Amino acid sequence: MPPPATTGRAPGPPDGGWGWAVVFGAFISIGFAYAFPKGLAIFFKEIQDFFGTSYSEIAWVSSIMLATTYGAGPISSVLVNRYGSRPVVIFGGLLCGIGMVSAASCTSILQLYICVGFITGFGLALNLQPSVIIIGKYFLKRRPIANGLAMAGSPVMLCTLAPLNQFLFDNFGWRGSFLILGAILLNCCVAGALFRPIGPATASVKSQMAEEGKSALKEVTEDAMEMNSPTNVPMGNKTEDEGGKDCCEKINQYLDFSLFKHRGFLIYLIGNVLMFLGFFAPIVFLAPYAKHIGIDEYSAAFLLSILAIVDMIARPTTGIIANSKWVRPRIQYFFSFSIAFNGTCHLLCPLASGYTGLVVYSIFFGLAFGMVCAMLFETLMDLVGAARFTSAVGLVTIAECCTILLGPPIGGTLIDTFGDYKYMFIKCGAVMVLAGTFLFIMNYYNYRMLAKEEKERKVKEDPKQDPVRTENEGRNNWNKETAQDGPELEPLRQEQEGLKKEVNGTNEV
Amino acid sequence: MPAAFSGKRLRLLLCLSLSFSLSGGSPADPTMTTQDVNKSQANFLTKMQAGLNESSPERMMATQTVNQQTHGSPSDHLTLGHNISTPGPDLATKVFKQASGGNVSDVTFVEYEVLLPGVSGTSVEKNITLDHGTRIELSCRLDNKYSHLKSLQVTWKRGNETVRHINKTETSWSIQLRISDNSKLGSYSCTLKGEEEISATFHLQVPKIEGKEKPIISYEGDTAIMICKSFGYTPIAWTWYMTNGSEQIAINDTLLANKYVIHRISANVTHMKILKLTKEDSGVYWCEAAFELGKSKGKLKLKVLSLMVPLKPFLAIVAEVVILVTIIFLYEIYSKKKEKSAEAEKEFDQVEQLNSEESNGLENSSARHRKI
């Protein structure tokens, strides 16, 4: 009885079906994680008056929240590795809700830092990572589209939260608004409920396989589930992995530090850390810049709305483009191009004079911003593979955390020192163009190295047609491929071949 | 005190001129009077230009005479030229300004000028904010391109009273005022009557205080903070009022120290904290800033809500979340059951198939295997 090759790949992402419900859940989750800190800014003036603090003390609330959301990435990854996405997101949603509800009864700014900053920030971190991770588990062929759609949650939520927050504030004051926002954040639990665990799901698959094939796949899927053992640990059985005698192994079980030896990962990390230095500052300073050159407050706010709307459309569109067969294999180039495009927009901004110029800038900025954000996690998944993505995303976010927080203050210092906004735009533009070029060149190098390794491996494998192919070897093959860096499409084909050989091998026994 | 002195004199002159005007004035020979007027006016003017400062009773008398004589024939004044305006108290004020001595050389007038549009019907307005007593000069200037317009009558008015003005140049006219108290504030307008009428208005006001348009929302038992700011001008004092029905009652924070706390945070900002809020504290509050030249108010609204108000939407949303999560989980369990039963059926079918295959023979199965 022929086991169909596709079901052989049990952790095979369904690329549809319930996956779209998962995308919707991720849409909500990611939307809250990114848009909520920005949406809170509406309450700051009132809170500042209430507690009698300065503006910078209030701004700390937002910074702490953002820092916690990014900094708690590794913890989130560890929890997802251990428990899967669903419980983590539900717990995160509960934490957010509790944080905001307790913030409603705060009597000092310090309590606000803790409730809104730490607790809610941590809850949002527990929302963000698992949502991104589970998309990688549910999609492969259509992953860029899924990523683009899910990341579109951020601008949509921002556009919804901003007027909603204003409405809540006008009717309930800041305390009542925090209470109701706590309830709204509980909707993240709904999103979490949608994250049906996927994995060796497949009781159906088991029953169809031949004995050896079945156990090989079982161990393979369990490896895929744990996804942590570094390549140098022999692919033993499940028991060996769970034993984890060495402490390094144990840590690696939860968070894969061997990623730091991964070429693609390092390239991504350096490029992104550089990029984030200039990523958020222009948004923060767009409205003040507009007011500075004499535009009134409402038109300045409208610029941001234009940005958000263009962003909203750009993200899924980028996902679709990135999924096309011309771009998908070279998605890293597309990513570097969009970063460089973003940088060029900033460099050209000082030339924009008057309101029309700024509107044009906002449109292009929104486009570029959407393109970069849509592919942010897609490219990481592409480089590292869905298997190690969990740990990768945790490590990347904590590294980015520093530069994200540094970006706007550095921009602010530039503006204060020179009294002119153009230096800030030039700095952001230069940094991003640099990051884009770096990524482009390094990815070119990476692709070439991968192609070389591919060739070497093919040459090695052909003579190795042993009559007795043990499961171990078969598994080694498969695992080497999963752990292999490189564009996912290659391993896709490799896996199919490998499995075919396996089955052949078992038959030949 | 020169001010008091000039006040007294002013009043004296006022009374005199009024009494004479009331009596109808003497219908003296127009030509004679106008010539007299001319002379005395000329004298007066030259004396002014010379900048004499003495305050002598003769001067008063001279002007008085002027007042008296010129009053009878207002129409002649108009034909004499645009410099002459109907006599009134302000004329005397000007005299006093000159006469009060010593101030002419260090008088700094703050000048406000308005450029008049040539088009009639459109009225130019200018708002001037004053917080302490100053001398100001308001002038209306006609754009040079309209200088061809002749026979212009210029009048400066405040309400219905005319203010005497001076010709600064051929195309600009101004009045000089000393604003010392609230009564001097108001609207002053210059009107140019030619073929068309062009006018401009200066509004002299105390600085405005902004309150909040949207109500401040707070909860029972909580504290509310109300802030009033004055932009640019420093008030002498701040007072807070609350509205009881239709009256405004001043809030005395020393009397009710555990309920109201009023702080002057900085020169331009005042805070009022209302502690232990209750429903009765809802309403309109006023913050009043006292300036040298007057007072100005800002309005604030306070709404005190009970804790139940936000609790209802909160519970509604929590209920919605719980319902949705339950639905999703139930659906998942249901679809898993369906899958299991479907699998069970499939397995059954497959087992049957296997049996039938085995019965067909081993060769067939191995062939099938190899086909992979």
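Note: Cβ is positioned from N, Cα and C throughout, glycine not excepted.
Worth saying up front: this structure is predicted, and the values here are computed from it rather than measured.
The compositional bias 'Basic and acidic residues' annotation in TrEMBL covers A:456-474 (among others).
Marked as compositional bias 'Basic and acidic residues' by TrEMBL: A:490-503 (among others).
Annotated domain 'Major facilitator superfamily (MFS) profile' per TrEMBL: A:19-447, in sequence order.
Annotation source TrEMBL lists region 'Disordered' at A:456-509.
Within the chain carrying the transmembrane segment (A:18-37), a Cβ under 8 angstroms from the stretch's Cβ atoms is held by residues 62, 65-66, 69, 89, 96, 120-121, 124-125, 127-128, 130-132, 134-135, 138-139, 146, 149-158, 161, 185, 187-188, 190-196, all 6 or more beyond its ends. According to TrEMBL, the transmembrane segment annotation covers A:18-37 (among others).
If you look up TrEMBL, you'll see A:58-79 (among others) marked as transmembrane segment.
Per TrEMBL, the feature transmembrane segment maps to A:91-124 (among others).
The transmembrane segment annotation in TrEMBL covers A:145-164 (among others).
The transmembrane segment annotation in TrEMBL covers A:176-195 (among others). With a threshold of 8 Å between CB atoms, the same-chain residues lying at least 6 positions outside the transmembrane segment (A:176-195) that come near it are 21-22, 24-26, 28-29, 32, 36, 43, 85-90, 92-94, 96-101, 103-104, 116, 120, 123, 127, 130-131, 134, 165, 168-169.
Among the features that TrEMBL reports, transmembrane segment is placed at A:265-286 (among others).
For the transmembrane segment (A:298-314), the residues of the chain that approach it from at least six positions outside its boundaries are 152, 154-156, 158-159, 283, 286-288, 290-291, 355, 358-359, 362-363, 365-367, 369-371, 373-374, judged by C-beta separation under 8 angstroms. According to TrEMBL, the feature transmembrane segment maps to A:298-314 (among others).
Under the heading transmembrane segment, TrEMBL lists A:334-353 (among others). Sequence-distant contacts of the transmembrane segment (A:334-353), counting only residues of its own chain at least 6 positions beyond either end whose CB sits under 8 Å from a CB of the stretch, comprise 271, 275, 278-279, 282, 318, 321-322, 327, 360-361, 364-365, 368-369, 371-372, 375, 379, 421-422, 425-426, 428-437, 439-440, 443.
Look at TrEMBL and you will find A:359-377 (among others) tagged as transmembrane segment. Tertiary neighbourhood of the transmembrane segment (A:359-377): same-chain residues 132, 135, 144, 147-148, 151-152, 154-155, 272, 275, 279, 282-283, 286, 303-304, 306-319, 322, 331, 334-335, 338-339, 341-342, 345-346, 348-349, 352, 393, selected by CB-CB distance under 8 Å and a gap of 6+ residues from either end.
Taken from TrEMBL, the feature transmembrane segment covers A:389-411 (among others).
The transmembrane segment feature in TrEMBL is assigned to A:423-445 (among others).
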| Selected stretch (most C-beta pairs under 8 A with the transmembrane segment (A:58-79)) from A:145-164, A:265-286, A:389-411, A:423-445 | A:389-411
| field | Close approaches to the transmembrane segment (A:389-411) from elsewhere in its chain (Cβ under 8 angstroms; 6 or more beyond its ends) | value | 63, 66-67, 70-71, 73-78, 80-81, 128-129, 132-133, 136, 227-228, 254-257, 259-260, 265, 268-269, 272-274, 276-282, 284-285, 377, 380-381, 424, 427-428
| query | If you average the pLDDT over the domain 'Major facilitator superfamily (MFS) profile' (A:19-447), what number do you get? | reply | 84
